[in-house]
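Here Swiss-Prot flags 106 as active site, proton donor/acceptor, drawing on similarity to another entry. Among the features that Swiss-Prot reports, (E)-cinnamate binding site is placed at 257, 345, 351, 381, 453, 481, 484, with the record citing similarity to another entry. Swiss-Prot lists 200 with the feature 2,3-didehydroalanine (Ser), giving sequence analysis as the kind of evidence.
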């Protein structure tokens, strides 16, 4: 088949014609380029951008991390690039000139939406009426949950300025400067939490920013000290001179007819989602460490054969954390000692964690790029094309990229939370956790210590709510505005629900992190107690089994090696609270060693001087006298910081997170003997995560990673 108009055959075969390779008019190439490099490097870039003190905007290069920084009302200040002033003025002048020339333009000389058949020459009055009728939100008392969080409002203000700076919207530069001054003075308009469908933009909430700028009597803002102020006081605090703005034709529409509230909140949500995704990868590796897992699940060949980049990177990050881990070296020795101590393969929550997390990372990363495109887009209507002298009537206000990206992100967050809950459930269950105590109980009396039982119930609650939030918002569209807005994106609603999901994932991450630190401490106790038990048993064995009553060597001395094997095979916390109890396995198994030796002793058992059976009572009596004290001394030494064997965590790449939780945040090892509750400790972690304090220790765990999996060899 011969193709025309410069087109070529698809795959060099006849049948279908496709465009010849050329520039990137459809933007697919740029979208692909944005996904190159590792996700971790992208997160590091975000963190660096978040910490910059100045956010200079000109309409085309705003990043979600910058939005998050300004939204947080920290030190980041906003500056408008002067290069945008001329083009913004040109579009504003074009609107005024076209109206004076009698040109009929939507929202300038016409009514709005389904009533755009109406006409008027009173352009300023039309803009005032637009703001008035869009002020349809409800605030309740102002303190009962009906006000959009200030962080989301600040994000919306920044994004709206950025989109208007491109000069296609017909608004004065001075209005944008005024909004920037409000941001820099930390004066935040009060916007209603609900009332937008993010199609024709976020009309209702954005109208309250316009209301403040124009000095409406019902306009309210929050001052830097948290007090409520009116428009005049807001302008005074922000240092805005010249009084309120009298809107010119198109300016009200330019302010409200955009997607900035949905995309602004989405930006702050995605900044956190990207970091929490990295945290989930690292915590999965720590989970492997404390569970004595098998690190082969991270082997690069497995993931290379699956091809998915998110999975490959997740596995490589976990592989990096586990490479050289002291826990993994110890786990390997345990496996060699007795391969039947645990299943040949770890359960899915560990073994398939890269396969589970990988697609979620890909979704979050794609959503991040989609929202970054959105916050740098011109998304109102009509668009003023000064170069061609026309107003283009379209639908860039349709916030579908926001709704879809947020639905997808929320589903990814729910999946991350589900994995975290599965890992947590294994960790606290002594049927699955390879020797750790039930509920990670850290005290001496398990009958009076139920550890993380309440935390597991809370985690189930968090996970259930998170799975509910994983349901889509965008399939609940209702036709609005006299069936003019008959399809709409629900972008802000989806962003709000995703923000809720992020909060829940933070709760789960905090709880899991505290539990992992508890498990690290329990492994430290376990190793020291086991060493003390071995030493005690060997001392008792030498004292009671080595010789007979005449001082001659006794055959029972050959039991020592088998006694040590039984100690190695037995979980410390299965007997540590009462090591000499015959209801627990340790004493039974030690006795069995002696019994088996006695059964093999033949006729010598009939002689009191050579009988092994005759030694059992003395051996057990001596153990009962010394073993409990040895175990208590070992536990006390760990608690006092004088342990004979140091904690393995200090030799691991995951140590910065442990150090952060234990030393910087001051959390403690939890036991039923103390009054400190799990909630008190995990709340310290939650507050720290909300403040971003976890970011540096998290990235420190990965500072040596070169961005590649280990070679296959």
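Cβ atoms here come from the backbone N, Cα and C positions, even for glycine.
Remember, predicted model here, so these are calculated numbers, not experimental data.
The distance from the Cα of residue 453 ((E)-cinnamate binding site) to the Cα of residue 200 (2,3-didehydroalanine (Ser)) comes to 49 Å. In this structure the alpha carbons, written CA, of residue 106 (active site, proton donor/acceptor) and residue 351 ((E)-cinnamate binding site) are 59 Å apart. A straight line from the CA of residue 351 ((E)-cinnamate binding site) to the CA of residue 200 (2,3-didehydroalanine (Ser)) spans 47 Å. Residues within less than 8 Å, Cβ to Cβ, of residue 257 ((E)-cinnamate binding site) and separated from it by at least 6 positions along the same chain comprise 107, 200, 201, 203, 206, 380, 381, 397. Counting every protein chain shown, 16 other Cβ atoms lie within 10 Å of the Cβ of the residue listed as 'active site, proton donor/acceptor'. The number of other CB atoms found within 10 A of the CB of residue 351 ((E)-cinnamate binding site), across every protein chain shown, is 19.
Most other Cβ atoms within 10 A: among the recorded positions 200, 345, 381, that distinction falls to 200. Other C-beta atoms found within 10 angstroms of the C-beta of residue 453 ((E)-cinnamate binding site) number 15, with every protein chain shown included. Secondary structure at residue 345 ((E)-cinnamate binding site), taken from DSSP and collapsed to helix, strand or coil, is coil.
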